[in-house]
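S.K.: My questions will all concern the structure given below.
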Amino acid sequence: MEGIFYALIPMFTWGSIGFVSNKIGGKPSQQTLGMTFGALLFSLAVWLIVRPEMTLQLWLFGILGGFIWSIGQTGQFHAMQYMGVSVANPLSSGSQLVLGSLIGVLVFHEWTRPMQFVVGSLALLLLIIGFYFSSKQDDANAQVNHLHNFSKGFRALTYSTIGYVMYAVLFNNIMKFEVLSVILPMAVGMVLGAITFMSFKISIDQYVIKNSVVGLLWGIGNIFMLLAASKAGLAIAFSFSQLGAIISIVGGILFLGETKTKKEMRWVVTGIICFIVGAILLGVVKS
């Protein structure tokens, strides 16, 4: 039970990143740079307290992983801009879970028993249904929908998902480091990635500074993810953390004024239920 409680913290912190950053404002590049600055400050504070042993391998792969993560985050911020937070985030989380699970099964053979394939396939189907309904648009809401650019949003989500899944595979399947040890090199890579996406034209303005708060949310989520994994297992912790998409949907509607028709709200509730059940089943399969 304690592990589940810890897993709820990254669910709320990571789920809040999208609508908090969009409430602050700024371009996706400014949002990413500000977030990475906040993450770097948080990571430096953790390093000064913990003083973990640092190796060359840890630095190299940590920086590489952070750079790859920045691809995912920049794409997600672009998708939010084009599609809205309440649409982009559940699509992002769902596609990460589905693609990550398929890679785990096909490449790393994480499912070995028949029951895992049965329950796992059901979980993936529920996730696909969930993020389909959570992003489904009502024609009656055309006045709002025309303000969005869903084709650009889906393109941004494509490279965002690839970046996030590559990052997850690197740290979960290929290289296994302690979070408290790798968090500083990773934050350095995140900043380098954000600067690269700004074409090395760094401008520290109010949006960059304010978005550093979002980096603190990312850092707090990582710490509690570590605690949750130690108590309940990584699979359960990760699956629960991905339910942050629910927080994004609610936050986008309540705090960003993203309107939904009654029909869309019914679809959203259906999507959330499918998403919760699918993520929990996936965690059970992986554990």
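Just so you know, glycine gets a Cβ as well, placed from its N, Cα and C.
Look at Swiss-Prot and you will find 4-26, 33-50, 55-72, 85-107, 117-134, 154-171, 181-200, 207-229, 234-256, 268-285 tagged as transmembrane segment, backed by sequence analysis.
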S.K.: Is it the case that the transmembrane segment (85-107) and the transmembrane segment (117-134) have 3 or more CB pairs under 8 Å, with pairs at least 6 apart in sequence?
M.R.: yes
S.K.: Pairs 6 or more apart in sequence, C-beta under 8 angstroms, 3 or more of them: is that satisfied by the transmembrane segment (4-26) and the transmembrane segment (234-256)?
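M.R.: With 3 or more qualifying Cβ pairs, these stretches touch.
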S.K.: Would you kindly list the residues that approach the transmembrane segment (33-50) from elsewhere in its chain, counting only those six or more residues past its ends and only Cβ-Cβ distances under 8 Å?
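M.R.: Hits for the transmembrane segment (33-50): 17, 21, 24, 26, 70, 73, 180, 183-184, 186-188, 190-191, 193-195, 198, 202, 207-216, 218-220, 223.
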S.K.: Mind checking which residues of the chain, 6+ beyond the ends of the transmembrane segment (234-256), have their Cβ under 8 Å from one of its Cβ atoms?
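M.R.: Same-chain residues near the transmembrane segment (234-256) but 6 or more away: 3-4, 6-8, 10-16, 18-20, 22-23, 84-87, 89-90, 92-94, 96-97, 131, 134, 172, 221, 225, 228, 268, 272, 275-276, 279-280, 282-287.
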S.K.: So which residues does the transmembrane segment (55-72) touch in its own chain, when a touch means Cβ under 8 Å and the partner is 6 or more beyond its ends?
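M.R.: Beyond its ends, the transmembrane segment (55-72) has Cβ neighbours at 32, 36, 159-167, 170-171, 175, 177, 181-194, 196-197.
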S.K.: Go through the chain and flag residues at least 6 beyond the ends of the transmembrane segment (268-285) whose CB is under 8 A from any CB in it; none is fine as an answer.
M.R.: 86, 90, 93-94, 97, 101, 111, 116, 119-120, 122-127, 129-136, 235-236, 238-240, 242-243, 245-246, 249, 260
